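As recorded in TrEMBL:
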DOMAIN    B:9-81  domain 'Glycine transporter'
DOMAIN    B:95-167  domain 'Glycine transporter'
TRANSMEM  B:6-26  transmembrane segment
TRANSMEM  B:33-50  transmembrane segment
TRANSMEM  B:62-81  transmembrane segment
TRANSMEM  B:93-114  transmembrane segment
TRANSMEM  B:120-140  transmembrane segment
TRANSMEM  B:152-171  transmembrane segment
TRANSMEM  B:177-193  transmembrane segment
Amino acid sequence: MTVAQVLLALELIGTFAFAVSGALLAAKKGFDIVGSLLLAGLAGLGGGVIRDLIVGQGVPTAFAAPLYLIPVAAAALAVFCHLIREDRLRRTLLVFDAVGLSLFCVMGSTIAYTAGLNPVAATLLGVITAVGGGALRDIVANEVPQIFNPDGVYAAPAFLGAAATTAALYWEVFDGFAAVAIALMVFIIRILALKLRWRVPLAVLGLPRKASGE
Amino acid sequence: MTVAQVLLALELIGTFAFAVSGALLAAKKGFDIVGSLLLAGLAGLGGGVIRDLIVGQGVPTAFAAPLYLIPVAAAALAVFCHLIREDRLRRTLLVFDAVGLSLFCVMGSTIAYTAGLNPVAATLLGVITAVGGGALRDIVANEVPQIFNPDGVYAAPAFLGAAATTAALYWEVFDGFAAVAIALMVFIIRILALKLRWRVPLAVLGLPRKASGE
Amino acid sequence: MTVAQVLLALELIGTFAFAVSGALLAAKKGFDIVGSLLLAGLAGLGGGVIRDLIVGQGVPTAFAAPLYLIPVAAAALAVFCHLIREDRLRRTLLVFDAVGLSLFCVMGSTIAYTAGLNPVAATLLGVITAVGGGALRDIVANEVPQIFNPDGVYAAPAFLGAAATTAALYWEVFDGFAAVAIALMVFIIRILALKLRWRVPLAVLGLPRKASGE
């Protein structure tokens, strides 16, 4: 497999993962199947579309290649047919979200850097690709986005992954193996952060953390 | 009248229709006249601006041609002066919304397909043009978007209209008459769906539908 | 100093001002420092990014020049370290917001007009640059945007500033001095409107204004 093939496979898996999080949120909110498809599409493809609009090289990939709609439809269908169950909703949603997060920060930085953006912008666009779809999903469903939940470490691992990807590209040591390794690192950090209840400092130093039922 | 003239007329009528829905929502939420203009503009022009950003052929039409601001200002003014009454708010809003929906799915697909996008993307962009303005209107006013209301059939007729338009363009049978006919079909389906309380299946098969006061 | 230098300095100050409003909102909502950076970035750079996407001349400035991230990081840090205090949150937030508003309407119109857009679009894009970041900040944090608060005059002074800037550019009398003067006028109007409780008419003529604790 070439790097391009590994990256495409990762992007489709990440799209499916985020799309599942969208379809599960639609189920939780009692939306219908059309709303489920829309929310799955926003979650799965929204981050990449924002990235492509900012990079500005023609029609966003999600629209140029109908292939990307397959994981979205598959995710909505899997939730519709109970293949991905609602009764373990919270945990399932978190794992799928973590898979998407780790794959998309790598993809986003790679695409932005390859398009000629500076390393700082490439890192930022990796983070935007990773958290943008989930943020759009939550904003459109009228929820406070998960990125802002202070009882979790969400954007920080995406930032690490995006920075590592950009560094690897800058020093020309990026390949399919590096992509998978960085994504795995981001996934492990995200899951460890959930299990071990890691916390990022609050927006104001020394302020007490509100009690919250994560 | 040429096809271009019919399409322009339809687009201005659709813009007015959606803009009215924005100004009425502003009235309902107690916003001032500036907020009414902003919400009317977002509802009337937002879907088209998203479409134009994705199609990526220069400055979005809504900004390139000041003509499009006239229906927006007219809508805010009509609501301001009680020409469109607030006391029959819900029904009026639904009818105006249906007019915009049916015109914009046809316009969106036509513009995207003519710009060279593939038929799948052209269909999607028809749906986005049709539901995007209304979604932005509701998101910005901090409401759950009407597209996600499971007690209605909203995005589905827009999808039918967008697919029919793309098919007509693909088989080269699209003209001003076809445009009006498809828009009328979408409008009738949307209104019938409201009257006869049609429902789309929920996001999860077999889940009970929550009671709701449509 | 050249006009370009004055404009760059104003844009960085405006970015800092809006970014502070984002970081303070993050503090108020109990978000962590990463959420504070994201909200500061959205508030400080979001309006300009929307403007640049619509103007459509390459990668938005905020991504092309990493310099713009410095005021964002500085704002989040200043709030984190109590340099900008939370206990006078409301007033501080309003003043910083007014500074950003007055600088960004001037900047937005200048950039749009210089890029070749028509005067109407340049005026609109000035308003969008000025209110867009704040709107994104509030939407993403799941609040009703401050622009829609009928107990204040917010978008109207930005519109005046944008129109004055576009007129000055059209009649070729725009320079660094004019930029500062227009921004100062907008700031004074906004602050006077707050102090003297000026009001814009509501969306519907003659409707009673709801009691509200501004």
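Backbone N, Cα and C atoms are what each Cβ position is placed from, and that goes for glycine too.
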Cβ contacts under 8 Å made by the transmembrane segment (B:33-50) with residues that lie 6+ beyond its boundaries: 11, 14-23, 25-27, 60-63, 68-69, 71-73, 75-76, 79-80, 100, 104, 107-108, 128-137, 140-141
Tertiary contacts of the transmembrane segment (B:62-81), as residues 6+ beyond its ends and Cβ separation under 8 Å: 11-13, 15-16, 19-20, 22-24, 26-27, 33, 36-37, 40-41, 44-45, 48-49, 52
Distal contacts, the transmembrane segment (B:177-193) - CB-CB under 8 A, six or more residues away: 3, 6-7, 10, 95, 98-99, 101-103, 105-106, 110, 152-154, 157-158, 160-161, 164-165, 168
Helix, strand and coil counts within the domain 'Glycine transporter' (B:9-81) (DSSP): 62 helix, 1 strand, 10 coil
Within the domain 'Glycine transporter' (B:95-167), residues counted as helix, strand or coil by DSSP: 58 helix, 0 strand, 15 coil
